[in-house]
Amino acid sequence: METTSLQRKFPEWMSMQSQRCATEEKACVQKSVLEDNLPFLEFPGSIVYSYEASDCSFLSEDISMRLSDGDVVGFDMEWPPIYKPGKRSRVAVIQLCVSESKCYLFHISSMSVFPQGLKMLLENKSIKKAGVGIEGDQWKLLRDFDVKLESFVELTDVANEKLKCAETWSLNGLVKHVLGKQLLKDKSIRCSNWSNFPLTEDQKLYAATDAYAGLIIYQKLGNLGDTAQVFALNKAEENLPLEMKKQLNSISEEMRDLANRFPVTCRNLETLQRVPVILKSISENLCSLRKVICGPTNTETRLKPGSSFNLLSSEDSAAAGEKEKQIGKHSTFAKIKEEPWDPELDSLVKQEEVDVFRNQVKQEKGESENEIEDNLLREDMERTCVIPSISENELQDLEQQAKEEKYNDVSHQLSEHLSPNDDENDSSYIIESDEDLEMEMLKSLENLNSDVVEPTHSTWLEMGTNGRLPPEEEDGHGNEAIKEEQEEEDHLLPEPNAKQINCLKTYFGHSSFKPVQWKVIHSVLEERRDNVVVMATGYGKSLCFQYPPVYTGKIGIVISPLISLMEDQVLQLELSNVPACLLGSAQSKNILGDVKLGKYRVIYITPEFCSGNLDLLQQLDSSIGITLIAVDEAHCISEWGHDFRSSFRMLGSLKTALPLVPVIALSATASSSIREDIISCLNLKDPQITCTGFDRPNLYLEVGRKTGNILQDLKPFLVRKASSAWEFEGPTIIYCPSRKMTEQVTAELGKLNLACRTYHAGMKISERKDVHHRFLRDEIQCVVATVAFGMGINKADIRKVIHYGAPKEMESYYQEIGRAGRDGLQSSCHLLWAPADFNTSRNLLIEIHDEKFRLYKLKMMVKMEKYLHSSQCRRRIILSHFEDKCLQKASLDIMGTEKCCDNCRPRLNHCLTANNSEDASQDFGPQAFQLLSAVDILQEKFGIGIPILFLRGSNSQRLPDKYRGHRLFGAGKEQAESWWKTLSHHLIAEGFLVEVPKENKYIKTCSLTKKGRKWLGEASSQSPPSLLLQANEEMFPRKVLLPSSNPVSPETTQHSSNQNPAGLTTKQSNLERTHSYKVPEKVSSGTNIPKKSAVMPSPGTSSSPLEPAISAQELDARTGLYARLVEARQKHANKMDVPPAILATNKVLLDMAKMRPTTVENMKQIDGVSEGKAALLAPLLEVIKHFCQVTSVQTDLLSSAKPHKEQEKSQEMEKKDCSLPQSVAVTYTLFQEKKMPLHSIAENRLLPLTAAGMHLAQAVKAGYPLDMERAGLTPETWKIIMDVIRNPPINSDMYKVKLIRMLVPENLDTYLIHMAIEILQSGSDSRTQPPCDSSRKRRFPSSAESCESCKESKEAVTETKASSSESKRKLPEWFAKGNVPSADTGSSSSMAKTKKKGLFS
């Protein structure tokens, strides 16, 4: 087809391509000999590489604080090349070089929002930013991020002014002719994808060197006096050849003389090391000199000072145009590299300047326009990495777009970008969420796993295949299980010696290590082994990395992403006389000098500081010695974690730099996959993996529904003060899913005059620090926050955590509720949610293009939804996500009790079963068939809403009329729209449906996956179709439990007398309510902020469950003293300007109220009070002395002593009664009082049968009556166990429990063995059981006796086991006597004769 006549006329710059190709070789000029083999310029200092918005803002503020007005920083930017027409790329990296020893690289592309701190720095007019083509950078930043670069210094203008010329300088040209060096312009680095995470070492050095070059060129040009200094080398080349020859001859003679004098051996090692370095330098310079003298010259390229010339070679010209900023400065067409002929704002604004410059060049050099175009084109094309092909239609569109934008958009964009309200830009399309912690993980992972991934319709349809869906394990168990460490001592580990215990008590206030703590510490001190430590919040994982350096006297490095948490821990260590510091880029030289002198034991650093200062760590290890390196919050390393931080991925270099230093990775939430990722990323060598249980028994869990009225939802958690004002019962955090919601909740609570503040990542750092500071010091009682708050808070007395909106996954939810009750006292966690809360999460999931990661996040969200809908024990659901199916003993004492969760409390009170119908699988086959068929009938063109309208027979105009005649139209009208939407969510989660995003991220269509289409085909032949799904309350409604009126203390709810657990008096049941009181308001000048509510837990219940009951007088004394201690601590903390909880935790105050020490030495006996803390808490001793003097109560009640008046009463109580732990008491009551079968109790309380049986064995040990037959201890079972115990090899040694278990048949439960042993041990003092005689038969009690004994046992429990013989249970003869003939021992008289002293008294 002939197209010549129809071929449109191309612009001149494009039609010259063929001419350029033909003359390219001839046009190539040779570089000046002065530029041959110039040494490369490299940045010699440390590079700080930051990839998180919060860290970037923090570092930027540090830079602003350290720099003075008028200071200059080297500035540069990088962005990836674009290979498609019409596309544009955003700035990926911003470089700031503040000195010759420090350069900051901010990887903006890994951040979801532009860091506020960096924006303030770039817009700071008092700090100058120097670079080449920097004006183009200004427009680029303005266009990409709405950031206006202020006080920029164009080095081209400075150089032309100083050198008295009018040159078009590139950065490389300035480096060559000002510094006598050259930049390494490797195309593979320069044109690499700067958005990919992480940057390579070559990319880092390249980027840092560019910014460094800008800084030192500015400094060099500032010191120049005139042009002669720059061109002295050129004049020497022309005028001093004879002098140079003389110098060469002289140097050669000196070299020969040195060679003759050189000794055969070097006595000094330093000499031996330095000589090769000097010789290498001389050799390199000699080689360069040879090329300069012997190399060819070209008169056309010889430098002529003072004339208008181009100092750049062709290669340099390419380097000069490597970025859009230089292209925008010097040429319109150099935009080809990023956007082929895309007339952006910067190029349009600079067009006029380019034209003026071209005319000036033509006038000066007399060149024709074609020659100018040719030269410029040659430079532009050499700058370009890839020349894309442009079609005819695309060219027309682009040119038309250029004409329209040039005249219509420039002024509009200028006025918009320069608006003074740009900080308050409201972009309605932005999802209201905490971007710093929500989107960074998604974007960083996208860059980490793949390059550019194009989402296509077919790709999304492939995501729902059978093998790729998240597996659904029963009860949430599966590969993510973690077995917890047993709390028993590891007998293979040596006990800590006296010196180690003394160090522990002196600096940390504890008298012993917890077993898992000692396991980790011993591994570090003795084995020098890497460790992965997963410990529940509040267990004490910080001691694992703080103790070793204190004990060894060396240094411990702690890496944490949380600045505020590190500051609090440094303060806490300093209060205990442990020298510690936070080392960052903004630290003074004095602190760094003290670090090098070994004056600090624990040094906290950020991941960015660590990666940029490995040489400092190596220096510290060689000079002082590093005991360990701890990586706190290590789950941030894993891309699968809920709080992925890309900066942690760079910490793998630690083991390379310091291979002999043990590394400890610590986290409170890490499943098996996350642990493996941690080990891999940190390059740990054969690490010891230690995991404790995840249970937090002091946390009460509750879930409720939002009503839409914020005050109505939150008022149940508030209490009225005496002044009729409202307040929370203790410090409270309210988590909201978006910034907008935090502000709404704060505004509503403000109507009640509550002392609450907002906290989210959109606030300035100074504002966030103020909220954090005031919350720690109890100046505000409540913080309404996004997930940006809390992870770095060191406040142990948070009593309540409320989620006003559904969390996205179990890990983050566990982490957030874990901030409550770290002092070990009772706290509560409440979650109020609505189904719409998951809509934003689903939209975010759709945007994830990595299939594996998307399905993983979907699986996590589905687990969270099941948790919210479930009627099972919420504690069990959470723990089953982290732990193994056994759910070890840490959970047994609380699970299933009224202190556990909102599901256990009503089930316990009303004897309900745990397996309610909505948690069971239901057959939704017919409905699923209808919904999938509707999606297929509508040709997968709509979202899920239209198929639901179709099934419900809606008359909505959104449904096309042509579908209304289909036989399925209206087939599902019996179900509500919300029901169908819930079913669709289940089908999406199970992989039958998939939502496919369109161009607009809020528009998505619903399509069948391969799995869904296969099932639909198979179901069409079934009648009816079957599909089992787990129903929830949306699909199987049940009564919703609203938040309790006093949810903070579920144990305070008064139950009727018949519901009290055995052994617990009414007075004991109501201790929480009795000791809950409010501290007087804190006096504050100018504010009316209420003092935090000090909720006093029962002092009796805080200790061992077996602690004897205390008198009312003692309880009153403890309560009153505790209140005064809280108030005194607050005043003392205010004077010291430290958080009260850091000065002394509530638990310490409770112990002080019980022990009432009056001397510093006695105060040291309290657990958690170190020597340093004891001295600081001395003012509290006066409060104790004054209170005890006024109330006449005894003081200095150390752990070995008891109140004198209660000692005899306590001893008497121990003889009569021994209280049961609450969980044991609940099991005993249900079994003995309510006659529930043991297997039903175990099922109802979600306990293993053996655990429930062991509860009964403990009741037997405590002396409580028990129906042995119903418990399973039948005469036959008793005989089998007794035969094993009394015969060899046991020989009645009841301490050989393990051997007994081996010899007893496996079908007998272990608890029956323990029960039999307890019976024997309780009666061993009053009778001797003869060996079993198989010819004799024991008589089992009759049913009448059993009924009588049950009745008597009930009375015994109610009366708390009165000591009279009338209330004692009548024992069966087969327990009381071992060898009575069954035929002749039926009379009641013989029974009376065999009756002995009660076994259960």
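Heads up, the Cβ atoms here are built off N, Cα and C, so glycines get one too.
Ranges compared are 364-370, 952-958, and Swiss-Prot records region 'Interaction with DNA' for 952-958.
Binding of Zn(2+) 1 is attributed by Swiss-Prot to D76, E78, and the same site annotation extends, among D202, D210, D257, to D210. Ranges compared are 6-18, 19-31, 643-655, 799-811, and Swiss-Prot records motif 'KBM 1' for 6-18. Looking at D76, E78, D210, the binding-site residues in this record, the fewest other C-beta atoms within 10 angstroms of the C-beta turn up around E78. Using a 10 Å Cβ-Cβ cutoff, W139 (site 'Interaction with DNA') registers 24 neighbours. The average per-residue pLDDT of the prediction over the domain 'Helicase C-terminal' (713-866) is 85, rounded to a whole number. When DSSP labels each residue, the motif 'DEAH box' (632-635) comes out as 2 helix, 0 strand, 2 coil, counted as helix, strand and coil in that order. W139 (site 'Interaction with DNA') falls within a helical segment according to DSSP.
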